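**Student:** Quick paste from TrEMBL:
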- 11-98: domain '2Fe-2S ferredoxin-type' (DOMAIN)
- CYS50, CYS55, CYS58, CYS80: [2Fe-2S] cluster 1 binding site (BINDING)
- CYS120, CYS123, CYS155, CYS157: [2Fe-2S] cluster 2 binding site (BINDING)
- 232-426: domain 'FAD-binding PCMH-type' (DOMAIN)
- LEU260, VAL261, VAL262, GLY263, ASN264, THR265, GLU266, VAL267, PHE340, ASP363: FAD binding site (BINDING)
- GLN722, PHE753, ARG862, ALA1029: Mo-molybdopterin binding site (BINDING)
- GLU757, PHE864, THR960: substrate binding site (BINDING)
- GLU1211: active site, proton acceptor (ACT_SITE)
Amino acid sequence: MCFTTYCQYSHNVFSIINSVQITEKNAEPEKTLLTYLRRNLGLTGTKLGCAEGGCGACTVMVSKYHPHQNRIIHYAVNACLAPLCSLHHCAVTTVEGIGSMASKLHPVQERIAKAHGSQCGFCTPGIVMSMYALLRNNPQPSMHDVQEAFQGNLCRCTGYRPILEGYRSFTKDGGCCGGKAQSNGCCMTNEHTQEHKLYDQSEFMPLDPTQEIIFPPELMVLSKQPQRELRFAGERVLWIQPCSLEELLELKATYPNAKLVVGNTEVGIEMKFKNLFYPVILAPAYIPELNIIQNTQDGKRVGASVTLTVLGDVLRAAVKKLPAHQTEVFKAVLEQLRWFAGQQIRNVAAVGGNIMTASPISDLNPVFMAASCKLTVMSKGTTFIFPRQSPMISYSIRLQSFYIYIRISYGGMAPVTVLATRMLSGRQWNEELLEEACTSLAEEMSLSPSAPGGMVTYRRTLTISLFYKFFLNVQHKLSLDLLKEGVTVEDVRPEYATATELFQLDSPSSVQLYQAVPPGYSDDVVGQPIMHLSALKQATGEAIYCDDIPCYENELHLALVTSTKAHALIKSIDTSDAMAVPGVVAFISAKDIPGSNMTGPVVYDETVFADDKVTCVGHIVGAIVADTQAHAQRAAKAVKISYEELQPVIVTIQDAIANKSFFQPVRSIERGDVAQGFKDSDHILHGEMHIGGQEQFYLETNCTLAVPRGEDGEMELFVSTQSASKTQALVAKALGVSANRVVCRVKRMGGGFGGKESRSTILSTVVAVAAHTVKRPVRCMLDRDEDMLVTGGRHPFFGHYKVGYMNNGRVMALEVTLYSNAGNSLDLSLALFHMDNSYNIPNIRATGYVCKTNLPSNSAFRGFGGPQGMMIAESWMSDVALSCGLPAEEVRRMNMYKEGDFTPFSQRLDNFTIDRCWEECMQLSDFNKRKDAVEQYNRQHRWTKRGLSIIPTKFGISFTAVFLNQAGALVLVYSDGSVLLTHGGTEMGQGLHTKMVQVASKTLGIPCSKIHITETSTNTVPNTSPTAASASSDLNGMAIYNACQTLLQRLQPYKDKNPKGCWEDWVKAAYFDRVHLSANGFYKTPDLGYDFETNSGRPFNYFSYGVAVSEVEIDCLTGSHKNLHTSIVMDVGKSLNPALDIGQVEGGFMQGLGLFTLEELRYSPDGYLYTRGPGMYKIPAFGDIPIELKVSLLRDAPNEKAIFSSKAVGEPPLFLAASVFYAIKDAITAARAESNLTGPFRLDSPATPERIRNACEDKFTKLVCSNFHC
């Protein structure tokens, strides 16, 4: 086929975007709406977060006239998947189109900002647009509607609670929690007073649906005209949109290999991530016959182009209208749709696409197969209907014996959905059938130990567990239905009843408590819950991130070329095919580096480009520079690299131990007489635990824009990094110039969490070298899958421990060995300082090994080794409690530190507040009453169990590398009295800039409105430390205070001369008197330093403390769990900003929840990362927050060692999510007791459904093991 013949058919795309008519001539079929918005129209409020429709950062609203529904429909879509060609005659509304700072905010934008629901802000526009689309369809939604609307949106910062609370004000209840202690205190009680509110809901602008943008009349006219076939010919792809079924069949006959696309939710991902190419796309979205839903005698006939949202709406209406016995299949489909992707995907994904994808994990095919649905398949001149088989379930009454005919299908047990063929149809529904069916399923539903997807034992167990749930459901329905016929049948036993219930997510409620600024000090801005200074800009899409910077006229784009082997020599690199791709300018590799190819954050043990050897999958070998990102990425995939593979390939910690592959030195800490401690103990136990790694999953991936300045080797870098000075230094090293020729500028980041402390430099150096080579600006923002592949994450850990303890639970001796998986370079790795958590062990020895493996280098992530060390401490503490048969909370409390105790690293604990946190948390959570309720629940329920746990944390604050504990600031006062503030910290959503403005405001005695921060840059404050270790407010706050004090001293004479004057008067007087109105500030943390050899010194400036109580409910048959309750008490000293600090507590807790219960990085034995995006890697979502969440900041706990008596808050709260993990373990303990299993058992982290189900050993797990030879 000659591609040039396509061009004669090309049409224009006509749409209206934010009320502006857009006609795109020669529309490119491969271009998404997101790319078009950002690159063609400059509408950068819509963000790229994952490019697979999984995070919702790119959400916009599409409106169109639907001829088959005869109405205008508004729906949220993922712009990253929506083809530009699919939007002909559609109206698109982006976040910029509903409100702005310059004109007027929309209430949806205002409320998320004022409710403190925007931290880094990168996800905010997408969340705003999801809510906006909901309100356009339903101006007074229920809270359930709101939660459902956000199923396709992710946020990594806030912990979700403030977003839901801000938007609760739009619901029918108007923000009332119904007496469940909703945020900021409940309106039905007098427990909390007005001044304790984090925000005032009465200030919100009202929502007026009549003021929304109307659907463009011109589109209405065009949409009602007779449709015609549309063709769009691109560089490689022809897009054809037929308008009739006859046309479609003719086209399919002409182009038999053409792909049919409605929502592009599968084909788009295949082309981008699986390197599949489809030169012809047929788009049948507007064909009438494929959009109808007809009522028939047997049910409903659904067209293949009907979206899942429309299908759900129709089926819900039918369920309300028809008798129950006619809607069982409808209910089953609706239940499946609840778990199908997010709202944005369901709005465009079609029924036909779901069927034809034939995915082994398809959400609807199992229901369609079990229900024996008819499938009509057509081609030109041929129609075939797959035959109808027996109904899914039927039963008849014969002398009070009940005979059931069943069909059961499973997804996830084969490459396609499968039917169980050995089911015992026509048998009596009784325990005998259950036993035989389970045995049959255990034999038939088998999987190879190496089956794709893993989790073989879990999946096989699940087939039986789900059938058992089905059995109980049928038994329950039989008893109810037959009772109406006058026949009595035994119902499900009461303790089994919860196994028949569908999962329901309750509306969350919460309380936030903090110490308000005393009356009479309202002018004191420190301590006030001030909104994040960029929140409103973030909510309108006007906040500028690195990739939002407008393109330079001659700018180029870069794509990485990475290794596909974990350990190999590079034999050759063939770039001929890549260089033939249109728009390609250059291939950049190690030979193009003018300076040094060696790099690294601490030691130079890495390379900018792999030279002759690769040591991990994802190792950067080279880069393609081209005129567009699409061309660069296509060319990068065309580079051919030949390898000579090397052995061994070391992936896991166990591999490293076996090969003795460790970085040096091996560190150890010892205190007391460990041998004697074990001799004095009543009992000794051994245990071990593995803690999986974690991806930072900042919503904004790594991004760098490098601009060569054309003289003296100068280079300007715009980077999303936590470490501007380290970026400057390593780029200068690679370019072979001094640091003063390189300027690094950071406006803000869309999240960092430690992942942009050191790993961001691997991209920045590559982009800078490319820009230097081609002498033009070069930009690169990594796709999500690239970012996850090359940057590494939190270190996986393995711990082995030996514990000596007394009968009463007192721990006398501990020997623990910790192994961390560092990856292929040392980077940043530690954990020993947190091995004790909050427990005073008199005799202790700890050894830490840093494993060198063939994975991308792991790095800092919120907590940085601390959560792993403390998690293993809680594991041995849990084992001791289980061995003694004592309540875990008593054993933990008995072993906790007290004021004046010394840590294993010889630091004295002063101002120790953990005991206060413990008692307040016990009270806040009503722990004892809650524990009684849990025990009663567990006695009454067999297949669901509840668990309860209380966990403390002690987290040291400071960089352990002493030289990093310094900060600088520059304060400029202009003659009009305005102040420009610059400091060494970077803003990544934590509110650092907001707090620093508050510090300057309080110190100078002027309003925050007079102070501005533009960015962090290396040409204003040199030699900055990374924004990390939770120390940035402490360090930069003191540096700012120091600079402000200098300015106040200079202004004091003018204040004395004019005591009734104002700030502007004093500044102007000083200016005319030629007084220097700028000042540098500096601070270094005093008395720090630790020596491993002598185990002496002071590694931390102080400690932050906290305690959390969590209650969970697990499903013993599936392993799923619900987070019912969490109470947190956190010591943050005297809070600089309670709203920001509570946001950090909740956000950190939710990241910890992901670490310990959800997020799982899966690698192949060859070191290939399978989980490279939200489709496979699951971070906490809106539905994962505790149903009841209480957060209290400890009162009257000033910290004299930090600015204005505050404390660090970024990292310490994360570990408190371990309370959820150990509540799960408590629930599993109750489940195991039903099978007479007691005592300690191993539960690795994260506590995924697989691990929970496998730990709840019962007759079903034993049945699988007996057939599987476990």
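Glycine residues also receive a Cβ, built from the backbone N, Cα and C atoms like all the rest.
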**Student:** Would you mind listing, in sequence order, the residues at least six apart from VAL262 (FAD binding site) in the same chain with a Cβ closer than 8 Å to its Cβ?
**Tutor:** ALA283, PRO284, ALA285, SER305, THR307, VAL348, ALA349, ALA350, GLY352, GLY353
**Student:** Which residues, sitting 6 or more apart from PHE753 (Mo-molybdopterin binding site) on the same chain, put a CB under 8 Å from its CB?
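**Tutor:** Long-range Cβ contacts: ARG156, GLN696, TYR698, PHE861, ARG862, MET988, GLN1151.
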**Student:** Report the largest Cα to Cα distance, in Å and rounded to a whole number, among the residues GLU757, PHE864, THR960 that the record lists as binding substrate.
**Tutor:** 15
**Student:** Quick one: which residues besides CYS120, CYS123, CYS155, CYS157 have a Cβ within 8 Å of the [2Fe-2S] cluster 2 site's Cβ centroid, in sequence order?
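**Tutor:** Once CYS120, CYS123, CYS155, CYS157 are set aside, the remaining close residues are SER118, GLN119, GLY121, PHE122, THR124, ARG156, THR158, LEU699, GLY750, GLY751, GLY989.
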**Student:** Over the domain 'FAD-binding PCMH-type' (232-426), what is the model's mean pLDDT?
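**Tutor:** Across the domain 'FAD-binding PCMH-type' (232-426), the average pLDDT comes out at 87.
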**Student:** Tell me, in order along the sequence, which binding-site residues from CYS55, GLU266, GLU757 have their CA within 10 Å of CYS155 ([2Fe-2S] cluster 2 binding site).
**Tutor:** CYS55
**Student:** Of the binding-site residues listed here (CYS50, CYS58, CYS80), which is spatially closest to PHE864 (substrate binding site) when Cα positions are compared?
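**Tutor:** So, of the listed binding-site residues, the one sitting closest to PHE864 (substrate binding site) is CYS50.
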**Student:** Using DSSP, break the domain '2Fe-2S ferredoxin-type' (11-98) down into helix, strand and coil residues and give each count.
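**Tutor:** Counting residues per DSSP class in the domain '2Fe-2S ferredoxin-type' (11-98), I get 15 helix, 31 strand, 42 coil.
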**Student:** Checking your reading of the structure: which of the binding-site residues CYS120, GLN722, ALA1029 lie inside a 10 Å Cα sphere centred on GLU1211 (active site, proton acceptor)?
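**Tutor:** If one measures from the Cα of GLU1211 (active site, proton acceptor), the binding-site residues that come within 10 Å are ALA1029.
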**Student:** Taking only the binding-site residues CYS50, CYS58, GLN722, which one has a CA atom nearest to the CA atom of CYS120 ([2Fe-2S] cluster 2 binding site)?
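**Tutor:** Of all the candidates listed, GLN722 is nearest in space.
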**Student:** What is the separation, in Å, between the Cα atoms of GLU266 (FAD binding site) and THR960 (substrate binding site)?
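**Tutor:** One finds 47 Å between the Cα atoms of these residues.
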**Student:** Among the recorded positions listed here (GLU266, GLU1211), identify the one with the smallest other-Cβ count within 10 Å.
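**Tutor:** Checked GLU266, GLU1211; of these recorded positions, fewest Cβ neighbours within 10 Å: GLU266.
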**Student:** Between PHE340 (FAD binding site) and CYS55 ([2Fe-2S] cluster 1 binding site), how far is it from one CA atom to the other, in Å?
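**Tutor:** Counting only the Cα atoms, the answer is 14 Å.
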**Student:** I need the CA-to-CA distance for CYS80 ([2Fe-2S] cluster 1 binding site) versus ASN264 (FAD binding site), whole Å please.
**Tutor:** 10
**Student:** Whose Cβ lies within 8 Å of the mean position of the Cβ atoms of CYS50, CYS55, CYS58, CYS80, the [2Fe-2S] cluster 1 site, other than those residues?
**Tutor:** LEU34, LYS47, LEU48, GLY49, ALA51, GLU52, GLY53, GLY54, GLY56, ALA57, ASN78, ALA79, LEU81, GLY126, ARG784
**Student:** Within its own chain, what residues at least 6 apart in sequence put their Cβ under 8 Å from the Cβ of LEU260 (FAD binding site), listed in sequence order?
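**Tutor:** Looking at Cβ-Cβ distances below 8 Å from LEU260 (FAD binding site), excluding near sequence neighbours, one finds LYS252, ILE281, LEU282, ALA283, PRO284, GLY352, GLY353, MET356.
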